[in-house]
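If you look up Swiss-Prot, you'll see S349, D469, H499 marked as active site, charge relay system.
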Amino acid sequence: MRYNQFSYIPTSLERAAEELKELGFDLDLQKTAKANLESFLRKLFFHYPDSDYPLSHLIAKNDMDALSFFQSEQELSKEVFDLLALQVLGFIPGVDFTEADAFLDKLAFPIHFDETEIIKHIHHLLATRCKSGMTLIDDLVSQGMLTMDNDYHFFNGKSLATFDTSQLIREVVYVEAPLDTDQDGQLDLIKVNIIRPQSQKPLPTLMTPSPYHQGINEVANDKKLYRMEKELVVKKRRQITVEDRDFIPLETQPCKLPIGQNLESFSYINSYSLNDYFLARGFANIYVSGVGTAGSTGFMTSGDYAQIESFKAVIDWLNGRATAYTSHSKTHQVRADWANGLVCTTGKSYLGTMSTGLATTGVDGLAMIIAESAISSWYNYYRENGLVCSPGGYPGEDLDVLTELTYSRNLLAGDYLRHNDHYQELLNQQSQALDRQSGDYNQFWHDRNYLKNAHQIKCDVVYTHGLQDWNVKPRQVYEIFNALPSTINKHLFLHQGEHVYMHNWQSIDFRESMNALLCQKLLGLANDFSLPEMIWQDNTCPQNWQERKVFGTSTIKELDLGQELLLIDNHYGEDEFKAYGKDFRASKAALFKGKANQALIDILLEEDLPINGEIVLQLKVKSSENKGLLSAQILDYGKKKRLGDLPIALTQSSIDNGQNFSREPLKELPFREDSYRVISKGFMNLQNRNNLSSIETIPNNKWMTVRLPLQPTIYHLEKGDTLRVILYTTDFEHTVRDNSNYALTIDLSQSQLIVPIASN
């Protein structure tokens, strides 16, 4: 374990003493440091009628237990404080450590003993994470140190778990959206699942916009998947034009219906544990799946601003600007009289994507988004540089396949009976509009590009993204984060994992940082919390996070690739082609070992190479035919210890998100030896070699200069490392699988790898 503490708010002595007193700690500025520490420790053992017993189980020195120490005349020292602090946080002498000083250095322990600062040290210790993954104060509250009185209690600028999660209100309302996406002449109704604590105070809301939450149709999804085996189409030379079109909602009328009291209820919904954490701290949770999902009406429009509007309508309802009904019969309306109107959205992948889309509407009431692994342009999710390009791990998927997966109205037999025929018509229109034949950008994709509206974002923004996420690739967060207005508060956590959540990792206090931010934004708490704009997980060692100023630098270093002419054959033998088509992982293994159809260049680094931004391959290339697909991957190659991309569980249920509520495992990325690490990758239809909107012809056997931008990253390579460049055509995981007989030739003498370099 290593501390990377970003959530602690430096506190004055007077404020620290006041907060400790509010928690029931009997500390006194007039007492000695030793007396205050003893009083603090005895309070920790509030379950015991006799605190001597648990105190005797701690050691103050290698040859003295804590009880004996406090009964002695010996003075408090750094050695004693450090040893007791470690034990209070769950570290066991002789098991987790033998030499406390060396262990504290390894931990990067954030508290440095000064006898005159003992009150502040105790305050800081309570806000520091235990070995279990919880802060000490959260651990104590979870054990019942504070009663669940359904009111707010704060410590170090963060809300504590004092809301009773055993007496939650679970209710359903149906919000009227200014849409008619299924063209039935009726405004669409949006089902909203609400979970909130009982409270006399208006509550802020965490809203998870999740098209998955009302169920998914995997059977329809699998039937809709596309075969990837097809020839690369030769496109006509042309210029693509699109236009920015404002979304115009339909008119709605003020509701004059009586207020209803009997709301639909539910017992369970698959929740997000970060939401659960905040539910116990006085934040209502709502789950909304939007148009075209079970319990709602409308068509699944998948990514456009009509779908976004169906979530926006819920925020409007929370602020009294939209109508909600008690049921589909629309006999009574219901008002969000429990809400304070301030909302933060949460969730990963499609969920985080909807958060980004919502933020670009500038809707009043949306105070903050926490968007994890989020899409900012749907074209860049299913296409790349004029190519059909599947998200990592999902060859054959496209946006209409996702529509089939999430149109959960068809999981309700009655809805299927009444609406499926019309749904299939709308789905066919969507399939035509996305133009899988060419892979080109068009109006359909432009209408699903949130980047063009980034300037309208006015809420606070928090993004997390994995630099090993080849599903929602790093370009998605790179482009939206760098497009955000300079006038807003923005934060980015870049980790070394894949498509994963990071709130329960051991090495980063993400939950606590979000707590401090949300108390500021949604509860109006003046806590003086300041979070760095960007925090990056160091790839060279375990559990190390660093502040960064920018994602993408203008300083570059050009690396020569060699002097040879390299030939890349596109065609595989029939058996090999079929085998790779059945198992794209086998093709990746062959590719990384240099056993596929490829050009391979190894560069031994003579100095450190700190990459920050978008690597570009500038290549002199020609094709034997009038078409060509170019793929590239950059590897950190050679055996050494690296971070894994999938977090592993260190414990099974050590994190309590309330008071014995929604327990979850503590996780972390492992640090272990492997043979390589993908740094970046990229794909291009050579007919789109100049830009996305220009379709060019490819002259047979004529040299072309191509600039292939790869996925942005921040990655530190060290002197002596090997940078492996792999150039090839078909990628069996991502691109169409064209097995026609053509070849690409690369002139390495006129080619470079252009690397953005991080400044010191």
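Just so it is clear, glycine is given a Cβ too, placed from its N, Cα and C backbone atoms.
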Secondary structure at S349 (active site, charge relay system), reduced by DSSP to three states: coil
H499 (active site, charge relay system) CB neighbourhood, other CB atoms within 10 A: 21
Secondary structure at H499 (active site, charge relay system), reduced by DSSP to three states: coil
